[in-house]
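**Q** Supplied in structure tokens, the structure appears directly below.
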Amino acid sequence: GNIARREATPHHVSLDAGPMTPGLSPSSSIKKPRPYSKCQDCLARIQRYIVTKLGEDWIFLVLLGLTMALVSWSMDYASAKSLQAYKWMYGELKGNVALQYLAWVSYPIILVVFASLFCHLVSPQAIGSGIPELKTILRGVVLKEYLTLKAFVAKVIGLTAGLGSGMPIGKEYKYLSIYLFIYLSIYLSIYLSIYLSNPYGYTDILTVGCAVGVGCCFGTPLGGVLFSIEVTSTYFAVRNYWRGYFAATFSAFIFRVLSVWNKDSVTITALFRTNFRMDFPFDLQELPAFAIIGISCGFLGAFFVYLNRQVVLIMRRPTALTRFLTKHRLIYPGAVTLIIASFTFPPGFGQFMAGELMPRECINSLFDNFTWTKIWGSPAPPGLGRSAAWLHPQVSVFVILLLFFVMKFWMSAVSTTMPVPSGAFMPVFILGAAFGRLVGEIMATLFPNGILFDGIVYQILPGGYAVIGAAAMTGAVTHTVSTAVICFELTGQISHILPMMVAVILANMVAQGLQPSLYDSIIQVKKLPYLPELSFGHISKYNIFVEDIMVKKIKFLSPQSTYRELKDLLESTSLKTIPLVDSKDSMILLGSIERCELQAALDWCLSAERRVYVRCEGVSSPGSQVNWESFAFVDEEVGEENGDKVRELQKCAHTLLFPEKPLENCNGPLGSTKTTDVSSNHTTSGEFIKAWEEEELDKPIDIDQIRVDPSPFQLVERTSLHKTHTLFSLLGLSHAYVTSIGKLVGVVALKELQKAIEGSTRSGVRLRPPLASFRDARRKAKKPSHSPSVPSSPTRDRELWSEGVKRETKDESADSCIQTDVKEWGGKPYYGADFGPSTRAAPSDLLIDFLLSTLLYRTLYTLSF
């Protein structure tokens, strides 16, 4: 056997180890210490200083910004050249409508099918925008194969091909920046052990990567950081604020510099620069129109989310069509691309919806300063550019804008369901711009001479309405307010700040009351582990405690547990951590043990190496200590006594590992083995190993050899649901053990919290969703009648909790969302000081108060004159 050969192989041991003692002879194997040198000491200090500085945050942020800018610019450059080739091929075939249609349809089909096939073969996790998965990962849930090098490559190539096809899919680089930051951190952590050594550093990486992705995508560092915070976090660590801004600003700067270097622009300017007048951009009488845009975009954004979810659910229904499409994965993206390209074919139906314009050309034309209703039917003025595609000699501008909005609405909702890397921000942004432009053109028609104020006539700017509509629509779909800041940075002007914020706030109020955000909707459809939001108005009406939702049948271990019980526990459950109690009778919680640690302990208990170690421990003398290294190497200078001992251990090890091949002679450098009667001894060896394993499985677990977490997170039985939700959210918990005076009585995980919040428990308690006051009629709940001495509980209240119903759910580990905390005292809630006030002062709430007060002040100031 290999072990026997290693044991009998002589090994020369070098004896040049020992303390460094000055004054030894030059022939000694111990080297003399080098004399002290100031130059060497100075160089050592400089080296330590450089290594220390390289380990600071700024080197990671600079590298992230630089690499993300290069990747983003390369993808934009490749997709732009692809679109140029697309338009050139279509233009060269002018005069032959059949060949034009074939080229117009086949080019995007090839690219989309290639992107879908590449992602399917390399990494299916790269499909979609990645933001729903990112929200889940930021809660601490481990999603396998999502943050890997294969996913990064699939994301880059698939997204580049998708953008170059001209389909209504957006670019969202959050995931790409996270991939880059993780691999940069891993590379540098090999030497410096900086970020990935703890889970908090890992969360910081993800948070900063989100900000860099959005900031580099549009060249908007301020809006990118705010948007990433709103989309992915409910609570944000302020320590990551400067990191996000630093990396996003550096990345956006490099991205724009590369555009200037490639002569895409003359200097560093906004991506979609506008030239609205600054002296009087809008009048007070236009505010109702801006409010209508906001409210309408709220309804339209909610309907977009609903339509997108219904398309996904229809495609997931077990029908013959869905089974066929699942088996042939390339048919669905090819069919969707064929339909969309056919509708946008310029000589066909596309001439009535500006089908020849690519996404970036659509935004630039919708934001221009021309009033299309005034120049329709007349010669095109100079400088109109690509906006001429919106003017048809026989069809009104209103019809073209309306058709464009309706067609692009369902096209965007369907195209974002294709199995390719894509985002929904840019398609929705274009939809909002088109709707705002439609309202602006209507206002320009209603007031052809402008609005008279204080003896001065001010013209209507339809382009300003388009900007407001874009911000309101994207805010309604994503449930964010920072889209207004992104629009300010995209256009380079802040002239419409007040009406834009009013429209975004109104759109959010309507959309949040009707549907969840697009990313939360995808999380629900994919059934990702995610804790929903917990509203504040109803918690004081229901005294729900953790004892009412916890799982009482717990799998646990104790020092008296045997390896057989451990084996059965690992085979019957998929828990990641197992609680450790003092004994089955006392149930005092001592800590928790990771599943990998228990699996390793069980594997070592039944391993062949341990069989050798345990049996040969008895062969050696009582006073000697034998370790496994003694079986691998034998010193050639050992004495006769030690040699006999080693040969005896060698024989024992070979007999235990290879009972079917007993050693004839262990005196030589390599013992010879018998080759006969192997089959007859095979059954004996199997029975011997099985009997030995059965004997070992009945022994108690050696807890001292297993790493135990002595401080798992614990809750008491009377912890309220609100506080439990807060703790899970703030600390990123996947589960918590419920104790009573140190005694383990249950466990609560994200699944139990989610069921309690969404009202899907058997008890019948239903909690209202966020902003339900905008969604449903107000529901009055009866106050539970109870005596002051006995606190109320849902288990005692028949109206809230059915008596005698016990819920048994399987404990599954997931992760959390975020909220705050309310303490109950004497039956009445009061705001606790543990984690701040119960009503969380979100940035969006403060911004709303500030804007409303500013708007009221401006209105009163205007009316006073």
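Heads up, the Cβ atoms here are built off N, Cα and C, so glycines get one too.
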**Q** Tell me which of 206-229, 590-613, 734-757 corresponds to the transmembrane segment entry in TrEMBL.
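**A** Of the candidate stretches, TrEMBL labels 206-229 as transmembrane segment.
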**Q** Three or more CB pairs closer than 8 Å, sequence separation of 6 or more: does that hold for the transmembrane segment (287-309) against the transmembrane segment (423-447)?
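**A** In contact, yes.
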**Q** With an 8 Å cut-off on Cβ pairs and a sequence gap of 6 or more, do the transmembrane segment (101-127) and the transmembrane segment (423-447) reach 3 or more such pairs?
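**A** These two stretches do not touch.
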**Q** Within this structure, do the transmembrane segment (423-447) and the transmembrane segment (241-261) have 3 or more Cβ pairs under 8 angstroms, counting pairs 6 or more apart in sequence?
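**A** Contact absent: fewer than 3 Cβ pairs fall under 8 Å.
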**Q** Which one of these stretches, 58-80, 330-349, 391-411, 423-447, has the most C-beta pairs shorter than 8 Å to the transmembrane segment (206-229)?
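**A** Going through each listed stretch, the top one turns out to be 58-80.
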